[in-house]
C-alpha cells in the first residue's frame, strides 16, 4: 500500500506543476482582440488627454512608432492584467497633475524612472495645456492684383482649429471682418458659418482703384469673431498682414497665418470728455454741449479710432430721449462742438440723469464702447459736483472735463 500512496502524491504534484505552467503561459498570451483594439485606439498619453476618445487608424500607427527612449507618457504594463485580460482598477483622473504625480512611479518602467521625474512630467503637462489654450487656429487666404482693372483681390478661404466660444454646444458661429489699413476705408465681412470650428468661407473681395505701387504701403487686418444672437459677438482673435515685400506680379499668392489674441488696449484709462451743461428753469429744458474728447485709447491694431458720442436722457431710470454726434475719423483727440436741447418732463432735475457713451464707429458691425460717463443727482465725485452746480446756478453754462469709465 505504501508504493501506491507515493505514486498518488507524485501524480498530484505533477498535475499541480502542469496547471502552474499552463497558467504562466496563459498570462503571456495576447489579451482578447477586442481589448487590444480599444487599448491601442484610446489616446492614453497625458499631453493629448481631452474629453473626446479617438479610435483612428492614424493613432494606432503613432502608438506603434513611438521611440523606445524616455518620454513623458503613461505606459500600461500588460504583465499586470488578470486571466481575463483586464487591468486592476485604479482611480486615475485625466488632467489631474497630482494624480499623474502619484501614479507615475508605478506605471513607468525601471529604465524610465531615472530619466523622467514626476516634477518634470507635471511641468511639461502644464506647459502643453497652456500652449493649447493659446492656440486660436489658422487662417487661410489668398492675395491677387488685377492689373487690367487695377483691383486688389482678397480671397478668404477658410479657418481651421478655432476654439469653441459656446460652452454649451462646444462650438462657434464664426465669421471674419477685414479692413485695409491705415485708411480703414475698405471694410468687409464674410457670412456667418453655423456651428463649426473649421469654417470654409471661400469668399472673394475685390477693391478697385488701388494702384499697385500703393499696395506695399498697406496692411490687411482680419478679425475673427463668433456670432452671438443675444449679446455682443465674441472676439476669437485677429491676424495682421503688412503687405510690404509681398510681390503679386506673378499671380495669386496663397498664404496662411496663425490667429493671435486681439491686441488689448495698452492705456489703462478710457480717456476724457469735455461736457457743458445748462439748465433753463423757465423753459424747463436742459442744454448739453459735447465739446471735446482727448486721450482716447487705441481700439485696434491701427492705433486709431473713429469716435462719436451718444447722449441718452433718463427720467426715473427710463430713457426718454437720445442724440448722437457726428463721427470723427482716425483721431484719439476729437473736437465735436455739438449742442443738444432736451425737454424735461418734470420740474427740477432730481429724477433726471444724462448718459454719455463714447463709441468707435465700425461700419457693418456693432460699434465698440470706448468709455462711459453718467451725470445725475446720484452721481459721485466730479460728475456729482458738476450736476449740483447746474442745479444751483440755472441759466449758466458750466463746462468740465470728466474721466470716462468702462462701458
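Just so you know, glycine gets a Cβ as well, placed from its N, Cα and C.
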85-104, 145-164, 165-184 - the range that TrEMBL marks as region 'Disordered': 85-104
Residues flagged as region 'Disordered' in TrEMBL, choosing from 109-128, 189-208, 209-228: 109-128
DSSP residue counts for the domain 'C2' (269-402), split into helix, strand and coil: 12 helix, 67 strand, 55 coil
Number of helical, extended and coil residues in the domain 'C2' (135-256), per DSSP: 4 helix, 62 strand, 56 coil
